[in-house]
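Annotation source Swiss-Prot lists domain 'Carrier' at 1-76. According to Swiss-Prot, the O-(pantetheine 4'-phosphoryl)serine annotation covers SER36.
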Amino acid sequence: MADFEKIKSIIVEQLGVDESEVTPEAHFINDLGADSLDTVELVMALEEEFGVEISDEDAEKIQTVGDVIKFIDKLKG
């Protein structure tokens, strides 16, 4: 599994939410209050941290913290 703590840290930093709110089930828009700019910045931070490229099409499919974990795992193989 992708490093959940690292992903959580990025989300907390990018969205300014409390660590306790960042669970695999948390939805970025509905639960964590992210807007479209927040999600773009989050994707960019994830790309930089994990050395991966996330296409716009794939980024649109990432809606929860769990989606990020699965996606990073898949990319890192």
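Cβ coordinates come from backbone N, Cα and C, glycine included.
Using a 10 Å radius centred on the Cβ of SER36 (O-(pantetheine 4'-phosphoryl)serine) and all shown protein chains, the other Cβ atoms total 8. Counted with DSSP, the domain 'Carrier' (1-76) comes out as 48 helix, 2 strand, 26 coil.
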